[in-house]
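> One structure coming up, written as structure tokens, with questions to follow.
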Ligand code: FMN
């Protein structure tokens, strides 16, 4: 089956379980143990492990996904205007590599349509979880038809509309599937963008909304250092590393198969080493001044623990969810809790 169709059906199934009320029963087995509670970004997360952006792009299944054990769900990427994304097919599995290639292109129904969904999900989570509730991150990006020089205003539309419903906000400048987007990672363009988004988010929410920037694994080490210094200079709350890669190095899948996928970002197991490397680099520059969220190639509880040991406060995953199925987050939480008991 086409990978995007399989994703749609799987996600519908997860939402169905929630809508018939079975998610609450499920939670008896999937809820993260209290020992995993993690303080970060001025919030308490039920687990350090969460779902990365791109799975629930439009906030249709936040509650349902948290019932599977994710400590946070990062919704998005959401753009200022609704857009259809790239032509299908645009999502491809590389099973031998436990990887996927995608060129979705930020398909989403735009900030104004997503905002009420986020508000409703936030209120529902607040009602259900008396103390520590799962966290909602909101990841924003640039509308494709908006010129790069008008990017700031486009991000501001999203920040204005979405920050009031966000526990934290992420400026995504690292997807390879919107032409020119990654040029915004350049510090000269990134500085005014992050500054303006941060101010707008706090103003429209009437509180401080933690702000992070999400970076690509394909940046040079010097560029990583520059972004890290900029983030500290601007008083940002954190950095998410990393997005998908445009590299095709080290794959086991047949070259013809990889080439047949065409352009797009590669994610999953082949990203593991580079993602960890970027995390270590960020940690060495930022020390304890920023919250680092590590993402890329995480498959097991041990992978999550490795990221925490290397300086991440939170960890996310996406691609392995497609391979491991709905109980993946619960398994990771169990493994993390078991390791903690052993090392205590
Ligand atoms: N990252 C974003 O910041 N915004 C997106 O809209 C987005 N869409 C994605 C769609 C697909 C199908 C996949 C596989 C990834 C997407 N990502 C997006 C990147 C993930 O959030 C994550 O950074 C990346 O996949 C590496 O993690 P993983 O190896 O655990 O998948």
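Start at 1 and count along the chain as shown; that gives each residue its number.
Cβ atoms here come from the backbone N, Cα and C positions, even for glycine.
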> Which of 38, 77, 189, 255 does TrEMBL put in the same FMN site as 53, 54, 55, 56, 57, 139, 172, 214, 242, 268, 297, 318, 319?
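Candidate listed by TrEMBL for the same site: 77.
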> State the count of C-beta atoms found within 10 angstroms of the C-beta of residue 57 (FMN binding site), not counting that atom itself.
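Counting Cβ neighbours of residue 57 (FMN binding site) within 10 Å gives 20.
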> Minimum Cβ neighbour count within 10 Å among the binding-site residues 55, 318: which residue?
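Across 55, 318, these binding-site residues, the one with fewest Cβ atoms within 10 Å is 318.
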> List, in residue order, those binding-site residues out of 103, 105, 318 with a Cβ under 6 Å from any atom belonging to ligand 1.
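What lies within reach of ligand 1, judged by Cβ under 6 Å, is 318.
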> Counting other Cβ atoms within 10 Å of each residue's Cβ, which of the binding-site residues 53, 105, 214, 268 comes out lowest?
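Comparing Cβ neighbours within 10 Å for the binding-site residues 53, 105, 214, 268, 105 has the fewest.
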> Consider the recorded positions 103, 175, 243 and say which one has the Cα lying nearest the Cα of residue 214 (FMN binding site).
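Checking each of 103, 175, 243 against residue 214 (FMN binding site), the shortest Cα distance is to 243.
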> Taking the residues 57, 102, 103, 104, 105, 106, 172, 177, 243, 244, which the record names as binding substrate, find the longest CA to CA distance and state it in Å to the nearest whole number.
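16 Å is the greatest Cα spacing among the residues binding substrate.
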